[in-house]
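A quick write-up on the structure given underneath.
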């Protein structure tokens, strides 16, 4: 009898090295995205709107590694003859489409959110709370579920739509065509346009600040007016003076952080697009020229390109490790099982910090703890006592000097 399909090795009888390589990719995908989820959940410096999106994206990528890639590997080992119960086929395709759609929808939402942040920083920083970020993430998942929901409905109703010669393959041409545009090409256009506009807006903002910093007047950016719009209601007296002195410096630092974040997110966008573009282009080509094209060749290309897309789910943690010091330190600590879960120190950052929209951004400017800000004078009681003691000593010194 012929040997089982998984024992046909490459270069070594009885060993399937490609399958072993795929297992390593699956393990790295799951492990890397778990590290991202832990980092955003535990590291206070990473808890901002953009990183909340990236954590949700990591959840989608992790689920690809847990629920989609292993079944795809089993499918390969059985030479694409579906070995599992037939009812699982449409569910597997549904999960595949759901998580890939969720990935690009997350990136699309991040690009839109960052454009709004750099275009209208005052309104964005005022209204971009954790709750708003979670609402946006929920909307992304809702759209992704809606786009992929027809698959189990179609597949469970008619098995011919998900089985071709015993292989578990989506065979609904209208959905393949429309779904490719809705789930990939339209978000792709939105991402490219908004990313270009974000870069343009960032350059304009940097130019205005540079002009303001080289002149004696700050009429271009009236810091007192901006401070009154952005400062927290709990800010104590003397806050606006510090803001006026350090406003432009903080703004320039924030723009540097925005540029750094744009670089990292640009790499994430670029890698995702180049890894999924071949699959979706081949998918559309398969539908449009099925009769005139080599169907076997297109099927083989789809089987290869879909794994290139799967690999993109494990690439993001590598990008964060290479380009973000906070992620890198967090990953190193978690790998060594060193977890630091502490209560965050309440703080306020200066009004020009746009960290809610940045991946690599850390808060810049002054930090005032909550216990200090509770006092109208802006001083802690211990600080008041020190000042009073110093004043009394000075008065005593003057009296002694007068006596002499």
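The backbone N, Cα and C atoms fix where each Cβ goes, glycine too.
Range 301-323 is the one annotated as transmembrane segment, of 209-231, 232-254, 301-323 (source: TrEMBL). Contact between the transmembrane segment (175-197) and the transmembrane segment (91-112) is supported by 3 or more Cβ pairs under 8 Å, counting only residues 6 or more apart in sequence. Counting residues 6+ beyond its ends, the transmembrane segment (301-323) has Cβ neighbours under 8 Å at 22, 25, 28-29, 32-33, 35-36, 39, 54, 57-58, 60-62, 64-65, 68-69, 72, 76, 80, 99-100, 103, 263-264, 267-268, 271-272, 275-276, 278-279, 282-283, 286, 331, 359-360 in the same chain. Below 8 A, the CB atoms of the transmembrane segment (133-155) and the transmembrane segment (52-71) form 3+ pairs separated by six or more positions in the chain. Sequence-remote contacts of a segment are chain residues at least 6 beyond its ends whose Cβ falls under 8 Å from one of its Cβ atoms, and for the transmembrane segment (52-71) they are 22, 25-26, 29-30, 33-34, 36-37, 40-41, 84, 88, 92, 95-96, 99-100, 102-103, 106-107, 109-110, 113, 130, 133-134, 136-137, 140-141, 310, 313-314, 316-317, 320, 359.
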